[in-house]
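The structure appears right after this line, and notes come after that.
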Amino acid sequence: MTNNMAVFAVLLSTLPLVLCYPVLDLDLESRNRSSIRFIALGDWGGLPYAPFITPIEKATAHEMGRVAETMGADFVLALGDNFYYSGVRDVDDARFKETFEQVFTADSLKHVPWYVVAGNHDHSGNVSAQIAYSQVSKRWHFPYYYYELRFRIPHTNATLSILMLDTILLCGNSDDFTDERPRGPVSLGAAEEQLTWLKERMRSSRADFLLVAGHYPVWSVAEHGPTHCLLEKVRPLLQKYHATAYLCGHDHNLQYIEESGIGYVLSGAGNFMEESMKHQDEVPPESLKFFYAEYTSLGGFAHIEINEKEMTVTFIQARGKSLYRTTLPRRTPF
């Protein structure tokens, strides 16, 4: 059997799940605390040549292990650009080991699940192979291009929903090297299908905390700037349905922007750092609350804790310093 056929066979075995749009109901009641804690990490995808990692990815992985041990991490949200620069070829691609399994090796991370979305660089390769890798790795969870995670916050009646998007299927691919904006979806039908799914999930959600996560930012002051497609298609839904926050990567730094009570958490510092703020005049006035892109910090990520009353976001650099912390309240009925 060829590698491509093997990938197809694995995907075929999960087809009923895919057609139903995966909803993962996850049980954390065994935790001896009344909160959910996780790490949001974007743009962590190493290099396509030896040693297949960057110093920033290595340092960030080490600090994630320390934070998981001291602050707690029930899971990791991997926000795309998982494998630079052209994704993976097939489910047996060595990059899964070289850039993922052999890098995030801290004992505190070994049994922590990763919930994955694809970025623009992943779409330059074989995203279906990343989905199929869910059948290979116990900690890699990527059931479909977009899906929902649902949790009950341990020992409370509060709930959390995370809607995981494929913003490349929604808006199109882009070219980082020419600073090209997303070119529009390859399939208008697939984009509309995902948007319809998102609208329905947000409309029907009664979760006390509702997060949406994707690779492209809605708002950003950095190299790529705001994603106009998401401003048009997703931002109105975030506002209409009182989402708690939108989480993303794509720009290689850490940002926190707040507009109309919605937190925009950009965590794209897992592999590279870029200091540009050339789009700072394109976000709403006074909405930028935090920006960090110091290369000598060796990257960073966001740690998020949600209890029955509020969501706390802490940005952490790979050298171990907490940079910025903010809170967002439980959703109000609408």
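Including glycine, each Cβ sits where the backbone N, Cα and C put it.
The signal peptide annotation in TrEMBL covers 1-20. Taken from TrEMBL, the feature domain 'Calcineurin-like phosphoesterase' applies to 37-253. As annotated by TrEMBL, Fe cation 1 binding site applies to ASP43, ASP81, TYR84, HIS252. Marked as Fe cation 2 binding site by TrEMBL: ASP81, ASN120, HIS215, HIS250. According to TrEMBL, the disulfide bond annotation covers CYS171-CYS229.
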Can you check which residues sit near ASP81 (Fe cation 1 binding site), meaning Cβ under 8 Å from its Cβ, same chain, 6 or more apart in sequence, and list them in order?
GLY42, ASP43, TRP44, GLY45, GLY119, ASN120, HIS121, ASP122, HIS215, GLY249, HIS250, GLY268, ASN271
CB within-chain contacts under 8 A for CYS229 (disulfide bond), separation at least 6:
THR167, LEU170, CYS171, GLY172, PRO182, GLY184, TYR216
Residues flanking the Fe cation 2 site, with Cβ no more than 8 Å from the Cβ centroid of ASP81, ASN120, HIS215, HIS250 and excluding those residues themselves:
GLY42, ASP43, LEU79, GLY80, GLY119, HIS121, ASP122, THR167, ILE168, TYR216, GLY249, GLY268
Would you mind checking how many other C-beta atoms are within 10 angstroms of the C-beta on TYR84 (Fe cation 1 binding site)?
24
Arithmetic mean of per-residue pLDDT over the domain 'Calcineurin-like phosphoesterase' (37-253):
97
Per residue, counting other C-beta atoms within 10 angstroms of the C-beta, which of the binding-site residues HIS215, HIS252 reaches the highest number?
HIS215
Write out, in the order they occur in the sequence, the residues of the chain not among ASP43, ASP81, TYR84, HIS252 that have a C-beta within 8 Å of the mean position of the C-beta atoms of the recorded Fe cation 1 site.
GLY42, TRP44, GLY45, GLY119, HIS121, GLY249, HIS250, GLY268, GLY270, ASN271, PHE272
